[in-house]
Amino acid sequence: MWKTARDSVCLICRSAATTTTSTSARASLEPWAGQRTFSTRREQRPSRMVLSDRVARPPPVRGPGEGNKKPRNKPDGPWAGMNRRVANIDPRKAPKPKPVEEDSRRDKRDKNTKGQKALKMQRALATISYGQRTSIKERMQEIQAFDQFDLLPVVKEAIAQEALKGMTEIKPTPVQRLAIPALLGQPMGRKPRRPKSDNGREEFLLAAETGSGKTLAYLVPAVNAIKKGDADDELVASYNERLAAEKERRGGAPVSEWIEKFEPHPNTARPRVVVLVPTAELVDQVTSVAKKLAHYTKFKVRPLSASISPLRNQRNLYSPIGVDMIVSTPHLLATIAKSDPNVLSRVSHLVIDEADSLLDRSFSGDTTSIVDRAMPSLKQLILCSATIPRRLDTYMEEQFPYINRITTPNLHAIPRRVQLGVIDVSKDPYRNNKMLACADAIWSIGKEAAKHEGPKSEIDVKRIMVFVNERETTQQVADYLVSKGIDAIALHRDTEEHRKSEMLASFTSNEPMKISRPADDDVAAAAAEGGKAGGAVSSSPTRRHLPNTKVIVATDLASRGIDTLAVRYVVLYDVPHTTIDFIHRLGRAGRMNRRGRGIVLVGKDDRRDVVAEVKESMFMGQALV
């Protein structure tokens with residue numbers, strides 16, 4: 001009878017019952033398996049803290065009738081597999097075909113090697129493939145000079161005479177070779193351009209490493225568009241005729257005396273180019289670069305930021321002589337646009353610099369409101385950043401499906417010309433005293449600078465940046481360094497404006513800084529004494545003064561966008577939380593093909609494996625993930 005009941009059960013049910021029994025038995029024999037798996041589970045990082053692995057890969061081109069909406073994922077029903085002739089497989093997720101033959105043993109070794117394990121455990125992703133990097137390098141070779149761009153002659157002269165004045169060799173950087181012709185609509189290479197959006201607007205992403213010249217890459221096409229627009233604008237042409245007639249009628253009187261009584265310019269409070277940046281320091285920096293071009297090409301650029309008085313901000317925007325370009329922070333411009341919506345009615349070019357920061361939580365509301373108000377008249381939308389997190393990549397795919405992605409070969413990579421050193425603070429002589437280790441590292445740099453082979457009457461002044469993770473730590477570290485005879489200042493949002501601008505001016509200047517050597521050579525003597533005790537023991541503070549160094553202790557406020565050409569040394573007091581912070585902080589050194597050095601202070605609670613893999617990736621020239 002049991003045999004008859006057993007034969008009445010089909011083979012599939014019998015197999016399922018056997019599998020269930022074996023699984024439950026295995027679970028009872030190995031009760032640790034579930035606990036072990038759960039313990040190794042890690043909390044996922046937010047997408048805004050994770051680098052994107054498909055920066056250079058645009059979304060698939062949709063048909064003419066599909067519009068800009070993202071296709072909705074429909075769940076498969078019970079009969080979804082019936083009457084199909086084509087497999088429902090996403091070609092982007094399809095596995096890549098394996099190579100037929102391995103070229104060498106090195107390929108096999110690289111294939112089996114699991115690199116950057118600690119970085120990948122932090123949910124960071126790989127960058128663009130090396131095949132795409134090679135193709136980008138080939139396209140870059142077609143441009144060797146600014147004369148090859150379709151720019152107006154006056155703009156070309158402004159680049160050579162003002163923007164790059166003093167440089168012995170004037171050549172475009174990699175991002176400028178790729179971005180300027182794309183923004184001008186100049187066909188370069190074999191890569192087809194993405195189609196325009198439904199209203200004829202063009203969207204671009206400029207993703208390039210820190211210190212690569214992105215500011216000039218988006219300013220030059222914008223200035224070229226301003227000058228072309230002046231020639232074609234009938235309102236501006238008629239205003240200039242009336243202004244010339246008024247000058248002749250007044251008989252050579254200064255324009256500044258009567259211009260406010262004359263009719264306002266058509267561009268008064270109606271800029272055609274808007275550049276958004278996250279901080280007031282970046283407003284000043286971008287404005288200074290734009291004014292160099294404006295001095296030669298004759299257009300009007302004005303800054304708007306919280307560091308400027310409200311009365312001056314009002315004059316900059318509502319000046320009777322008009323304004324062509326505005327450089328502002330998002331919150332201030334969004335507030336002005338809310339009270340005066342017509343401010344953004346004539347904007348044709350909108351640039352969002354440091355897009356990964358401006359489209360993050362703190363700035364996204366103001367930034368998106370500005371973009372929405374400028375959309376009706378917008379011709380070009382340009383996003384710029386040195387790091388593209390996954391959150392920003394998803395945002396661009398949903399909001400701007402036709403965006404043209406312009407990436408450089410070294411995206412998400414720290415240049416090899418920047419060397420990284422690691423100091424283990426947990427060992428002797430520091431014994432977990434990071435402040436002591438930081439002061440000792442700065443004294444060592446000052447001691448090396450005092451031994452240079454230049455004139456004996458002068459010594460070089462080294463400008464050093466120290467980065468911390470917490471704003472409260474900046475003042476503590478700065479006070480400790482000052483007590484050890486080091487000229488240091490804390491840079492954060494509460495720092496006085498005049499002191500902040502004074503220190504930043506010395507760090508962004510391209511000119512070398514030198515001081516006269518003391519007669520008794522007390523710098524070397526003090527450095528030698530400081531080196532004996534790790535720069536910690538001294539009873540006379542005047543004897544241990546280090547005059548040939550200037551130090552800024554800052555948070556990420558100074559790690560984004562500021563063009564610190566004079567900085568050669570960067571000290572990471574705290575280990576950065578993500579590779580994005582590594583890229584921006586170490587990117588303050590080694591800018592514009594200059595050498596630099598980074599020093600990381602690693603304590604007992606820091607991730608040593610992450611620091612080791614970042615150092616190895618920098619040595620190998622690999623992109624961080």
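A Cβ is built for glycine as well, from the same backbone N, Cα and C atoms used for every other residue.
Here Swiss-Prot flags Ala208, Glu209, Thr210, Gly211, Ser212, Gly213, Lys214, Thr215 as ATP binding site. Per Swiss-Prot, the feature compositional bias 'Basic and acidic residues' maps to 90-113. As annotated by Swiss-Prot, domain 'Helicase ATP-binding' applies to 195-406, with the evidence given as sequence analysis. The domain 'Helicase C-terminal' annotation in Swiss-Prot covers 453-625. Among the features that Swiss-Prot reports, region 'Disordered' is placed at 19-119. Annotation source Swiss-Prot lists motif 'DEAD box' at 353-356. Among the features that Swiss-Prot reports, transit peptide is placed at 1-16.
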Next on the checklist: Let me check the 10 A CB neighbour count of Gly211 (ATP binding site). How many other CB atoms are there?
Outcome noted: 22
Item to check | Long-range Cβ environment of Thr210 (ATP binding site), under 8 Å and at least 6 residues apart | outcome: Ala386, Ile583, His584, Gly587, Arg588, Arg591
Item to check | Check: same-chain CB within 8 A of ATP site center, minus Ala208, Glu209, Thr210, Gly211, Ser212, Gly213, Lys214, Thr215 | outcome: Thr173, Val175, Ala217, Ala386
Checklist entry - Sequence gap of 6 or more, C-beta under 8 Å: which same-chain residues meet both conditions with respect to Glu209 (ATP binding site)? => result Ala386, Thr408, Asn410, Leu411, His412, Ala413, Ile414, Pro415, Ile583, Gly587
Next on the checklist: Across the motif 'DEAD box' (353-356), what are the DSSP residue counts per state (helix, strand, coil)?
Outcome noted: 2 helix, 0 strand, 2 coil
Next on the checklist: Just to confirm: which same-chain residues, 6+ apart in sequence, have a Cβ under 8 Å from the Cβ of Lys214 (ATP binding site)?
Outcome noted: Val175, Ala179, Leu206, Ala208, Asp353, Cys384, Ala386
Next on the checklist: Under DSSP, is Gly211 (ATP binding site) part of a helix or a strand, or is it coil?
Outcome noted: coil
Item to check | Neighbourhood of Ser212 (ATP binding site) by C-beta distance under 8 A, where only residues 6 or more apart in the same chain count | outcome: Thr173, Pro174, Val175, Ala386, Thr408, Asn410
Item to check | Sequence-distant neighbours of Thr215 (ATP binding site) in its chain (C-beta under 8 A, six or more apart) | outcome: Gln285, Val286, Val289, Asp353, Asp563
Checklist entry - By a simple count of other Cβ atoms within 10 Å, which of Ala208, Gly213, the binding-site residues in the record, is least packed? => result Gly213
